[in-house]
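A quick write-up on the structure given underneath.
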Amino acid sequence: MIYFNNVSKVYNKDSVALEDVNLTVTAGEFVSIVGHSGAGKTTLVKMILADENPSSGTVFFESINIHKLKNQDLTKLRRRIGVVFQDFKLLSNKTAYENIAFAMEAAGKTDAEISSDVPHVLELVDLGNKISHFPHQMSGGEQQRLAIARAIINQPELIIADEPTGNLDPINTYEVIQILKKINDLGTTVVLTTHNRGVIDSVGKRVITMERGKVIRDDKNGKYAI
Amino acid sequence: MIVLKRIIKAGFINFSRNGLVSWAAVLVTTITLSVITAIILLQAVLYFSLGQIRDKVDVTIYFNVSAPEDQIMLLKSSLEKLPEVAEVSYTSAEEALRIFRERHEKDYPTIQALDEIKENPLGAYLNVRAKEVSQYESIANFMKSDNALVLGGDDIVDKVNYHQNKLVIDRLNSIISGAQKLAFLVTLILIIISIVITFNTIRLTIFISKEEIGVMRLVGASKMRINGPFMVEGAIYGMIATIITLLIFWPVTVWLGNNMTSFLGLDMYDYYVSNFLQIFVIILLSGVLLGIISSFIATRRYLNK
């Protein structure tokens, strides 16, 4: 599904974010990318979203060279990917309902679909009673669950979760990982970046370890190895 | 259609939820529109005053006493055909005498001298008003030209007073054109300053949403779906600012009409009321376009890949 071919990202001489990265993620996989801060995890996921352009090499989503896409096609591709961030990145002046509805509107869903699906997905992440709350009226765990709800609402083929538990306490961390596992069990590919040992060990699936922009290990059913 | 409906709805919701930020943008837009309205009113005063000055300038063609009326009328009609000429009025020799007598009715020696002559010593004359002050010279030149001579102008014309008034007319002409150029320049500068201030205020309100624009992009929203609501918000700033501006200028023009009409030479309130629709359209279009274009430009920079 995702294919990195000799991808490098160099900001300047002293700042190499990615160096000659080659990796493949197949459909339905749950891949955890681990590494210390500055290892290149976030740059890697930004490449998949075309939020960053590689200095050299190519990134493919299925057979599409992501960085060759025109703006309009890139917008369509992003609708096939759900994203969850460490800092949630919710729309602060929209309610929980509107945050999710916005993603559906962006995907061209009808008002009827929106009004039937949004309450359902909010129930799924246990936020049924927070439908009219603004993000600032919710706890960190609730905000992250809302971000996950937004990411899955359009039934994307791929979920990218960039340090989704970084700002959460252990209980919320556990809940978020359980949701991501459930999503993966239903067939959606998940790419998770983290430096949380407990998270990696509890997922127990493929682990790619990065260090200074390079992939140094790629273990099936791997454990945290830094 | 459904996308447009969603964009408009989102624009109104954003406006109401942005609270003080929205009202700050409305305030700055109101200031810009007030400057534009004030400029419209000042231009009206300027053009009214210049028009009054222009009306006081004319050229008179005096004819010989023996000049036949049909030849004068022929010259009059050919003058009226000139594109520079706004109006030509004919005063017969009898009428000229009557006016002269009226003007000098208390000047006993002059009237007595006139009575002693018995015959009318005054000839008829044509009063010519040009459309522009600068066009008097070409009218005077016409009188010297072959066309006028064919009509017998050379034989019947006693004198054309343009040459006596030339210095005053030229000076007036340069004052009028200088005033117009200065007014245009000042207007342009004030409008540009106001637009830049408004543009930057709107840009600042959108800068606050920079992160959210990035999120919308990553969620897969189209450019139109992202910047549309901001443009609607910009249009709302313009519409509300228009209403506030027109409400502010209502009492202002009432006061100016009551207290400054003799000084300005124009009743501002009358002008404001009789041109209200035009002013409303100009201000509304300026405000709405300013809001929409500023929002469009400001969001565009955050919408690139």
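Cβ coordinates come from backbone N, Cα and C, glycine included.
TrEMBL annotations: computationally assigned, not manually curated.
For B:20-48 (among others), the entry in TrEMBL reads transmembrane segment.
Break the domain 'FtsX extracellular' (B:57-144) down by DSSP state and the numbers are 45 helix, 18 strand, 25 coil. The domain 'FtsX extracellular' annotation in TrEMBL covers B:57-144.
Away from its own ends, the transmembrane segment (B:182-209) comes close to residues 18, 21-22, 24-25, 28-29, 31-32, 35-36, 39, 42-43, 46, 230, 233-234, 237, 290-291, 294-295, 297-299, 302 of its chain (Cβ-Cβ under 8 Å, at least six residues beyond either end). The transmembrane segment feature in TrEMBL is assigned to B:182-209 (among others).
The feature domain 'ABC3 transporter permease C-terminal' is assigned by TrEMBL to B:185-301. Mean predicted confidence for the domain 'ABC3 transporter permease C-terminal' (B:185-301): the pLDDT average there is 91.
Per TrEMBL, the feature transmembrane segment maps to B:230-256 (among others).
The feature transmembrane segment is assigned by TrEMBL to B:276-298 (among others).
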